[in-house]
Each structure stands twice: as C-alpha cells, then as structure tokens.
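What follows is a set of notes on a single structure, which appears directly below.
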Amino acid sequence: MGYIEPAPIKDKENPFESMMSRFNIAADALGLDEEVYNVLKSPAKQVTVSLPITMDDGSIKVFEGHRVVHSNILGPSKGGVRYDMDVTIDEVKALAAWMTWKCAVVDIPYGGAKGGIKCDPRSMSAGEIERLTRAFTAQMAEIFGPDRDIPAPDMGTGPREMAWLMDEYSKIQGMTVNAVVTGKPLVLGGSLGRTEATGRGVMVSALSAMGKVGLIPSQATCAIQGFGNVGSWAAKLLTERGVKVIAVSDLSGAYVNKNGLDIDECIEYRNMNNGTLEGYKNADHIPGDDILYLDVDVLVPAAKEDVITVQNVEKVKAKLIVEGANGPTSAKADAIINEKGIMVAPDILANAGGVTVSYFEWVQNRLGYKWTAERVNRRSDRIMKDAFDRVYKTSKEYNVPLRIAAYILAIDKVAKTYKYRGGF
Ligand code: GLU
C-alpha cells in the first residue's frame, strides 16, 4: 500500500477515545444494555511482542508489534497489519474495533482485528522487512489462522508482506494455508480486484452519497488526500465516472489543476518516481494540508486518521466527505461538520470495499477456485451499494448522521449475535 501520511493536526484525542465516543452515542440511541456494552467496548485479546531483527549492517534492532482482536462474535477476526512509526497500542485498538463495525456494516461474517509494527518501512531494506514480517508471523502463529484471525495489508504493507506472512505461517503448520491471509499476490491465491477494492468501494459510496445530496457526477469536483493505493484508485475510478478530480496530495504536498488532473498520468508519474508525486509538473503545487480546504464538492481523505479536527474543520468547504482512510475525522469535529450540513460517508462504510474483497479472496481460497474480476467487482459493488442504502435508511429512522447510523447498524448486529451465542 502507499506510504502517505500528511502532517496530522491532532485534537489530543486518542483514536480509541474517538471510536468510543461514536460508539457511546450509537449505544445510547439503540438502548444497548450494559452487559453487552461492556463486552463490546473492550477488545477480546491484545498481544504485544518484541521482535529482535538482524539488520543488514549486522546490528540487532528490537521492534514492537501488536495484534488486537477486538471481537470474534460474528466470525473469525479480520483486519490489516500496519507498518508505521506512529503505531501505538491505542491506535491498533481503535483500528481493530473499527474493523468489527466495518465487517458488520457490510454484513460479512467476520469479527474485527488489527495489527501493527512500529517501524519505518521506507528506511528498511526488503530483507529487513522480510525478517520482521516473518518474526511477527511466528510470534502471532497462535493467534492467526483461517478460522481464527485473518490479517491483510494496511498502511505500509502490501502483497509482498502478505506473501511472506503466508509462507511463514504455512511453514509453521507444515502445509500451505493460503486462507490465513488476504491481499496476497495473485499467484499465491490473491483475488482479482483486491488491489483496487478499497478505492472502488470509495467510488461506489461517493456516487451513492452524491445522489443523496443532489450532486451530478459529471458536474462535480473532487479533492483526494493521499495518493497511495486507496487514494489513487478512488481518483482513477471517480474520474472514469465523470467526476472532475482537481487535486490529489501525498507527503510531498498537494497538486491542483482546476481543469481536472490527468489521473493516469499522475499514477504513472508516481510509479516511476519512487512512489511520490514530488516534482509533478502539470498542476500547481500547494502545501499538503491545504487540499482539505479547497472549494470542491467532494473531499476524500484517504491518508490517515485525525486529519480533520476541531482546529481546521471550519475551513473545510466540501459538501460531501467520503472517508477512504480509517478515522480521518476526529470525534470532536463531528458536531461542527453536522452543523455545517456536510454529509459524511463514514470510514466504516466507505472504505469497507477492501475487506469485502478480502472476504471474497478467503472464500475463493477455501473453495480452491478463482472468480473473474467481473464477478468480484459486481458482487462487491452490490454489497457496498446495499450497505450504503441500509445506513442511509437507518440515519432517517433514527434522525442521526450517517456515521452514527453505521455504528447503530453494526452494534445492533453484533449485539444480537452475541445474545444468541451467549458469549464465547
Ligand atoms: N486494512 C484494510 C482495512 O482497514 C483491509 C482489511 C482487510 O482486508 O482485512 O479495511
């Protein structure tokens, strides 16, 4: 995945608290009973390991890795593994809970988990990253498993890391177990359509939401923060649907062209330029954060959490925010966004296309069969569209913003399932 991280403007609100304050509002609206509330608010399992790795220069460096299983009520837990210097246990806990709600919103039979290693993959060699990935897998071998907990890519990881993870896990088991991880390279049992799945889901959510606020795609403008896997695919697919993407950004800044950017050219430039847009010429270059304040119809934050906060939300002019990243809006900013009348397609809905196709990958692995790209896309589009419609309907029913409606749907499903199962 891409290595895109804008300088965050923090609300001094940790991501877990941010998740919890939305959870609390939804739990209240639902009248969730206290016992179930207590079960759902605390992660089922948290594991922190230290990973001593021999670096290329012969020195040994110790990394810290986490895996948090928030819930396995709906099924085996599912969620990515993030390699980033900002990884903390609180962040991983929040991201794990978001995976629980996300899987419930799109109605796939998974609980939620997340992993993370505090490291800077950009400054490490492939060999160092491979040793780190294998050490992490070996330490987590008891947690992972196709029927237990299924990792996937996230920030700073991609198919290459998933291949090492699958291989290490398979060695430990003494047999090939490709369903233990998703987001694998195609030849190892990856699914067609998985690479673009999150961006594609963002596009489907954006189009659904545009329909609700009266925006016509061929007349709408869009800015996308983050030009990694999610942001660049969302940009490409929205452009194909007629939306004018006038700005994209990455760590090197934001690139604006009022007439619409040539997204294919931007992607090609980035691919030939070490993964960054730095030096891209057919656009005006502005500071990275300013992308959030452009006068556009649709804003897609697709970089990382906590970028729209009480400190800067007043400056946001978009009519619609579609959250490609997990947690890009701090909980404290929600109220101001609602006052301003901006519609938000929330993360646990808008970026669920990735885990949806991960689910298809796992299903194909278990069937020992391969689906066509056409089948994958058709089914994931339908799941994303149905999920949007359900969330929208719930928001009308409870008279709440889409974000709270998504939490209500998710918490209700997990709580009902918990009651039937009577605990694990
Ligand atoms: N890391 C992605 C997410 O946050 C994908 C997770 C998965 O496919 O399991 O949704």
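A Cβ is built for glycine as well, from the same backbone N, Cα and C atoms used for every other residue.
Note: TrEMBL annotation is automatic and uncurated.
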According to TrEMBL, which candidate in Ser252, Ser330, Ser358 joins Lys78, Lys102 at the substrate site:
Ser358
How many whole Å apart are the CA atoms of Ser358 (substrate binding site) and Thr198 (NAD(+) binding site)?
10
What count of other C-beta atoms do you get within 10 angstroms of the C-beta of Asp154 (site 'Important for catalysis'), across all chains shown?
24
Please report the distance from the Cα of Asn229 (NAD(+) binding site) to the Cα of Lys78 (substrate binding site), rounded to the nearest angstrom.
19
How far apart, in angstrom, are the most distant Cα atoms among the substrate-binding residues Lys78, Lys102, Ser358?
13
Tell me the Cβ contacts of Lys102 (substrate binding site) under 8 Å, same chain only and six or more apart in sequence, or just say none.
Gly112, Asp347, Ile348, Leu349, Asn351, Ala352, Val355, Ala410
Check Ser358 (substrate binding site) against DSSP and tell me helix, strand or coil, would you?
helix
Tell me the coarse DSSP state (helix, strand, coil) of Asp154 (site 'Important for catalysis').
coil
